[in-house]
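> Structure provided below as structure tokens; questions to follow.
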Amino acid sequence: MSSTCSSPSAVEDPELGFRIDLDWTAGDSEDQVALRLESQLMVALPAPHDTVVVELKGIGDDDEGGLENVGLEMRVEKRREPLRAVTLMKAVGSGQQYDGVGVLTRLMRSDMMPAAIPAPAIDVASSCGVHWKTVTSLSLSGCGLLVMPVEVTELPLLEKLCLEHNKLSVLPPEIGKLKNLKILRVDNNMLISVPVELRQCVGLVELSLEHNKLVRPLLDFRAMAGLRILRLFGNPLEFLPEILPLHQLRHLSLVNIRIVSDENLRSVNVQIETENTSYFGASRHKLSAFSPLIFRSSSCHHPLLASTLVKIMQDEGNRSVIGKDENAVRQLISMITSDNQHVVEQACVALSSLARDVGVAMQLMKCDIMKPTETVLKSSSPDEVISVLQVVVTLAFVSDSVSQKMLTKDMLKALKSLCAHKNPEVQRQALLAVGNLAFCLENRRILITSESLRELLMRLIVTPEPRVNKAAARALAILGENEILRRSIKGRQVPKQGLRILTMDGGGMKGLATVQILKEIEKGSGKPIHELFDLICGTSTGGMLAIALGVKLMTLEQCEEIYKNLGKLVFAESVPKDNEAASWREKLDQLYKSSSQSFRVVIHGSKHSANEFERLLKEMCADEDGDLLIESAVKNVPKVFVVSTLVSVMPAQPFIFRNYQYPVGTPEMSYAFSDHSGGSTLTSSTASDQAGYYKQSAFMGSCKHQVWQAIRASSAAPYYLDDFSVDSYRWQDGAIVANNPTIFAIREAQLLWPDTKIDCLVSIGSGSVPTRVRKGGWRYLDTGQVLIESACSVERVEEALSTLLPMLPEIQYFRFNPVDDRCGMELDETDPAIWLKLEAAIEEFIQSNPQVFKNVCERLTLPFLNDEKWCDNLKPRFMNGKLPNSRVESSPSLGWRRNVLLMEAQHSPDSGRVKYHARALESFCSNNGIKLSSLHTTATPGCQKPSPGTAFPTPFTSPLITGSLPPSPLLFTPELGPQKFNRIDMVPPLSLDGGHVGKTVMSPPSSPPRQRQLYLPLRQMHEKLQNLPQVGILHLSLQNDSNGSILSWQNDVFVVAEPGDLADKFLQSVKVSILSVMQSNRRKAASVLSNICSISDLVRSKKCFQVGNIIHRYIGRQTLVMEDDQEIASFMFRRTVPSAHLTPDDIRWMVGAWRDRIIVFSGTFGPTQAVVKAFLDSGAKAVIGPSNEPQETPLITSQGSSEYNIGDQNGKFEIGEEEDEDEEVNEETEREEMEPPTPTSDWEDSDHEKTNRDGKYCGLWEDDEEEVSEFVCQLYDQLFRENSRVDVALQKALASHRKLRYTCHLPNV
């Protein structure tokens, strides 16, 4: 429509059917223009054609009012093709004064021709012409419309309406009449609102409102279930309509983002347009508008947006922006509790991406991500559980501080349950989470004390499902259960001769020399390198070899090929020599070669790009089973570590990248930064920081880095390659602190195998040059050169080892380091001719030292020869019989740690014995030159386990009161722990040792506590063991009861009245205790006990007796005469009762103290099975103790109150004589009155002890103590002098003492 007038024309358009061009001026009448257009249409459109019309009609009525017959009427009519689509366009260059809407509306009211559809199907009330009622598509784009014609809403079959590129500010509310509308496009207009009536268009499939001025559009999509496309791009939206009801939505555009996905939401394409900011305008991130829009409401819970977020977070910059938005983080967390499984899965993927950053991970913990996580972990849907577990796995890995916050009692319980899930992938993810949590040292201490978790992992490691047993083995490796892991994967045991260690120096391309020496060792031994050594380590190029040989199990030929690739790809010249910068670089290189290295390092920077080197390392270290160092520990490979230098701390520290975890209890130095008053310090995880405290702490290190990262960090030689950085940590070449890592290898061996000696130590250098006169140069630069040479020298370590190791003749030390001028090549040398010279020098070195290579090969193959001899000797012995028990053959013996620690309890009733086995042990060790340390646990008065409590008054108000048993069957006390107070031997004590009168009440301990503080006796033991690393045997001269080993004792008063149920049960407890101890002569015990029918008989027979481990001393008696003349006697006893125990939980928390040590018990009763298992689970070699376990004293059920009031009337209290002389006379008189039936009974055998004037001990079986003393001495003689295995030593010692019953408990194989 132009402003000039011309005759109308009609042409056939293949896309639009027929196109009609009509020009008119603004002054023309709209009616005239409409008539002209209508006439043009009549001419242009095809002529009418014959159409058969079929019409069905009812004929006649039946009795019920229905139609009886149907009539068929057929006729032929002239009709035109129905009108389907109309497009109104404004020609380019037309005037802007008129939009032609009036012409269109008049044209729509006209009825140009008969309708093509039956008249009843059309709304007769419509003002639209009949022919227009068949229109399904109408386009009014680019017409300059200011208002949408209302007549358009009268088209009943309209499905597509296009109104793009107009000037519409609003849409008419009548648009809701278009019930069949499927596509509505109103892009590039000026809309500021959308009519509410649009929600009546329930059939919409596409709604496009791009590039308008919508701020808060009121769009109600609840009835538009079929909407698939929603475009709101380019609108200044402040509020996103609720799109959750749009389940079919697959295309979405918002602000500056366009989103298109496939039907299943598996593939999502996201396009983000950046804003064009001016030079002076502040730049905004591309997500600055999108992020607050979708995270302001719950719309992000839509599946399409959830998938979009995953796509967006693949970009590191996008993750950073979203991670800083707390509201966005909280919305993502809320998405994991969605009812839509796809949303949960995508939210977990997004959160996992975010959690890789430490700062965002801390933000997630601050937003309480663990609460919904624990909720979803209880879901019945395995897919949802797997998705959430992936978040847990990522969070636990990213940071120790985050991991420590994650491990709660509920989380641990949930993970244990999921480890036993029926779905293998759920099991695998749960095991990965447990393993990642164990990277944190504090978490590892907690997890290792979980007995059920340990047993579960041991069970899962042998499951037939490969992915489950690999994950279980990984968890055991991270927990530091190296021995359990070795036995589970049937790994090779450390030879009996001792450890075999290989260390390799740094040297860049000179590592070719190391490879050549290793080839000679491999040739002479006939075994691959990884089978010859238990520990392999290296620095820089030596570290790369250590990884290649020990972790990747490569051949030496493959290692040689790696060096050639290294020279070709990494160290090749990349800058043309005629280039000016290259020329400048060469000049600086020449300056370096003239001994000005320090200047070179400062000015020149890195010579080679690390990108190609990293690519080569990633290709070499790729592993489908996991790329972490610790994940190689499950493959039955040697222990391997690589030395680097952590330069992001001051001073720089050695850093050990290792493929193993230290056993729990090993003092470690954490390299995690902690902020204190604006400064950064390193946190120490060592057991104590006291002055003078012995610390054999491990170096800083990690087993959670990727394998290629370890090599890259160790090889970051200054000038040659850039430093290697991960997060805030930065590493340089390990040669700065340990170019010869042999000292580090010895330290790591001591930490891994504390009771195993080193048999063979092989150190290989990369070649050195002879000492020569230094050429003159710049004075200060020469000083820097000297300092660098000294720091990287390998000879200082060699000199120290050559001096010290001869003092340890059992260690065979071999050092291979050729000294030749041909070994002086550059670290990045790429000239093959110089490589050949180096190889020639090494070959000459090998030929000149044949005997040394022969000796080292013989020493390394000695374990293999011993294994073959053992098998040969085994065959004839068991050819016709059963095979030997593997448990016996693997029985441990005393290692190189040969000191003894003797521990005795404070106030022990055994300390007063005339003959005591502890004194005999001290004499034996003194006479045989065995270093013995003693520990007497001390407990301050009122010593309690550290926990706050509330005081309550004691029930005892006077020492002259009758006793009763509280009705509570179980009460937790701070000193005795959980005690059954209805047991006769566990009455709450009235302390006579100066303790507090009031007790403190504490809650039962939670499991597991975050920080466990051992109380005084246990702290003393733990510190003593940490200070004495050479202790190989821990002798616990402690009594045992059902709660554990008794560390200290205290005195109290106990009162019992007779006659009464309490007295009967007390007397029964005494008899049962005596019978349990006198098992070897029950007939004598029965004859003695037959004469004791009451407490009166008991105290007449003995003033002092023992119930279990508790000593009772008779003090006195009070007689009370009741109104019916019945006498009630109240007997008062002084008891020596346990006040502190070494419980299984305590043993597990002190796990590092027992590792590789032999535990010996020598009390009356042996330890309980729980105590033994705790020791063995904590790494003890063996536990030896009496076979008879402490038995529970029969329980007493109080019927009502057992207390009896003491009155002054009719009461006479008799205090028993405590003077020594009177006691002797009194005992002699009582023996005359009541003579035991058998003179040789155990009662009489111990009578002489009761007359001891010291009055310290009233034991009953002194003869047994003398035999125990002899037995202990014989046991130690077998262990130390004969070097017998533990079980064999015990058998030989028991052979001479048939009465004693002792058992040796060994770890399960």
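Cβ atoms are placed via backbone N, Cα and C, with glycine included.
Okay, so Swiss-Prot annotates it like this:
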ACT_SITE  Ser540  active site, nucleophile
REPEAT    155-178  repeat 'LRR 1'
REPEAT    401-439  repeat 'ARM 2'
MOTIF     506-511  motif 'GXGXXG'
MOTIF     538-542  motif 'GXSXG'
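Relative to the rest of the structure, where do these features sit?
For Ser540 (active site, nucleophile), the same-chain residues lying six or more positions away in sequence with a CB closer than 8 A to its CB are Gly506, Gly507, Gly508, Ser714, Ser715, Ala717, Asp733, Gly734, Ala735, Asn739.
DSSP places the residues of the repeat 'LRR 1' (155-178) in helix, strand and coil in these numbers: 5 helix, 3 strand, 16 coil.
Here the repeat 'ARM 2' (401-439) returns a mean pLDDT of 94 for the predicted model.
Residues 538-545, 563, 566-567, 571, 714, 717, 720, 733-735, 739, 765-767, 792, 823, 825-830, 835, 838 of the same chain, all 6+ positions outside the motif 'GXGXXG' (506-511), place their C-beta atoms under 8 angstroms from a C-beta of that stretch.
With a threshold of 8 Å between CB atoms, the same-chain residues lying at least 6 positions outside the motif 'GXSXG' (538-542) that come near it are 503-511, 514, 642-643, 714-715, 717, 733-735, 738-741, 764, 766.
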> Apart from its near flanks, which chain residues at least 6 from the ends of the repeat 'ARM 2' (401-439) lie with a Cβ under 8 angstroms of it?
358, 361-362, 365, 370, 374, 377-378, 382, 385-386, 389-390, 392-393, 395, 446-447, 450, 452-453, 456-457, 460, 465, 467-468, 471-472, 474-475, 477-479, 661, 672, 703-704, 1006-1008
> Quick check on the motif 'GXGXXG' (506-511): DSSP residue counts for helix, strand, coil, in that order please.
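With helix first, then strand, then coil, the motif 'GXGXXG' (506-511) has 4 helix, 0 strand, 2 coil.
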> Give residue numbers and ranges for long-range contacts of the repeat 'LRR 1' (155-178): same chain, 6 or more residues beyond its ends, CB-CB under 8 A.
85, 122-123, 126, 128, 132-148, 184-201
> Where does Ser540 (active site, nucleophile) sit in the DSSP three-state scheme?
coil
> What counts of helix, strand and coil residues does DSSP assign across the repeat 'ARM 2' (401-439)?
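Per DSSP, the residues of the repeat 'ARM 2' (401-439) fall into 31 helix, 0 strand, 8 coil.
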